[in-house]
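**Student:** I am attaching a structure below and will ask some questions about it afterwards.
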Amino acid sequence: MPLSSTFAWNNLIQASVAGGDIGHAILVYQQMMSRGVCPDKHTLPRVLTASRLSGDLLFGKQVHGHALKLGLYGDRYVGTALIEMYGWLDSIGAARSLFDKFTCKDSVSWTVLARLYLTENKPQLALDLFGEMVNSGVTIDSVALATVIGACGRVKSLHEGRKLQEIARRCGLESDVLVGNSLLQMYIDCGSIDDARGLFDQMPNRDVISWTTIIHGYVKQGGFNESLKLFQQMNKDGMKPDAILISALLPACARMTACKHGKEIHGHLLRSGMKLNLTVQNAIMDMYMKASCLEYAYKIFKEIDSKDVISWTVMILGYSLHGEGKLALSLFHKMKEDAGIQIDELAYGAVLHACVTACAVEEGKFYFNCIRNRNITHYTLMVSLLAHAGLFDEASAFIEESQIERHVEVLRALLDGCRIHHEVKLGKRIIEQLCELEPLNADNYVLQSNWFAHQEKWDMVDNSKEMMNDMGLKPQKAYSWIEHRNKVHVFGTGDVSHPRSEKIYWQLEQLKERMRKEGLLPDLDFSLHDVDEERECSPMAHSEMLAVSFGLISKQVGTAIRVTKNHRVCVGCHDALKAISKFEQREVIVKDLRRFYHFRDGLCSCCDLQ
């Protein structure tokens, strides 16, 4: 081949860059120059890319000099490559200075600078740059528009986003899949799922990214049922899901009421023959754990050949949340035996949670001291461990020594211990601190009111309620729900709106009478409870009891009853559910804000440390 031809040299450089052999690409360029072959406008952009990827600013400046000597500085490809190189290796200011001097700006050079602004986490400057681009009269392409739409999503400006959609329509790019997907993501980032859905329904061309984006958007905002409907519609339309979409969808099934859907999706994956990568396997495990299907989660875990730290963390935390603290700790011990696993802060957080569940104080202290970069979650778990064990003096000293006394999550962890060990006086001081730190949190005043009621200080109860009313604070109502025959049944405290209410309350009365005869009536201590209306109502009429009673009269004998509650389970309901599991010989699983409770044969998985 003629040595003077740049064609072969350019291809050799490009092949080296594409193959990741950056050093060889630079060596080829140096050989090219030493043999007297003159680089052209196709050579220099490739070499500048090699310079950027190697992080060699000095070499990049040498190539810049070559461009000036060879008269190629004004070429748009060379100029754009120089802007990108300086932006990455020098500064965004240097890139902007070069851009302003550049006379042959096109859509690509504008887009490169905008992306550099995004890399520097300066989305507003990227938006401003796009305004300059529009005013300059440069033709806007789909990549430029998609880039600035991404910037708009970062600043969360719905107004600007709608203006960009109008620009896309005027430029004839609204039907472009890249632009459409970018607009979808932008609307979701701005918190407007309605705008995103309206756009999605009008998109003439959708790919798997379009479906993934809208499904993930609904999952992110809690629209789990709609995300599952979209997945079903996607399959009807003949679009095959990929691993990323499945990972985005599975959190919608990570609930006890949606376990059936999770199993269906898992079955669909197995039937379709899709190769399940580690990310999807971890997501399936997590889904089964959160849906209280521990045996399915463990089966997936055992089948994973090369487990990563996430695989272990999901199982350790999952077992701990279900009250299996000792089992979680044994898994952590096995994890430490794997030399290929690098234990991170999340894994240490999971094992600390397991120590709290198992009340393993000394082991928890040891693992806490192993953490290099501790965050407030680790400190909170350590306080929770000491408080659960009744070591309040040690917990208080730890809080003071760590200077974390003004963190509400730490105080709530200490309050949990007070609730378990009936430390009412310390609990009152903590409640007062919470009211001071979070004066606009209604739950704190509910705690205060319930404490006063326990002490029969009714005038103070009235004062607390008046204070909440004056401040316009409304405590969140307590609700529980249960799934039966593909329908979710929701109950509130003292609810009588359900069509089967008469039978539900009759069942509860029968259970209450049996508890009374066997001396198992529930504890009525609400002194440190944070739900407003439950103190004034019999525990047997609390929302979780109504849901469990509905399960007893509706579901097949012997099947487990799964109930979810949006608040903490009170002591009285906890006692009653233990008795019910013994009387009915059925497992009752209740998930509240903090954990899962498995009631079996009159016992609870929390070992009464709830």
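Yeah, the Cβs are placed from backbone N, Cα and C, and that goes for glycine too.
As annotated by TrEMBL, domain 'DYW' applies to 519-608. The repeat 'PPR' annotation in TrEMBL covers 5-39, 106-140, 207-241, 308-338.
Are these features on the surface or tucked inside, and what are their neighbours?
**Tutor:** On the 0 to 100 pLDDT scale, the model's mean across the repeat 'PPR' (5-39) is 93.
Long-range neighbours of the repeat 'PPR' (106-140) within the same chain, counting only residues 6 or more positions beyond its ends whose Cβ lies under 8 Å from a Cβ of the stretch, are 76, 79-80, 83-84, 87-88, 92, 95-96, 99, 147-148, 150-152, 154-155, 157, 160, 167, 171, 173.
Using a Cβ-Cβ cut-off under 8 Å and counting only residues 6 or more beyond its ends in the same chain, the repeat 'PPR' (207-241) has close neighbours at 177, 180-181, 184-185, 187-188, 191, 193, 196-197, 200, 248-249, 251-253, 255, 258, 261, 265, 268, 272, 274.
In the repeat 'PPR' (308-338), helix, strand and coil residues by DSSP number 26 helix, 0 strand, 5 coil.
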**Student:** Where else in the chain does the repeat 'PPR' (308-338) make close Cβ contacts, counting only residues six or more beyond its ends and a cut-off under 8 Å?
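**Tutor:** Contacts with the repeat 'PPR' (308-338): 278, 281-282, 285-286, 289-290, 292, 294, 297-298, 301, 344, 346-347, 349-351, 353-360, 363, 595-598, 604-607.
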**Student:** In the same chain, which residue numbers or ranges, 6 or more beyond the ends of the repeat 'PPR' (5-39), come under 8 angstroms Cβ to Cβ?
**Tutor:** 46-47, 49-51, 53-54, 56, 59, 66, 70, 72
**Student:** Can you tell me how the residues of the repeat 'PPR' (106-140) break down into helix, strand and coil by DSSP?
**Tutor:** 27 helix, 0 strand, 8 coil
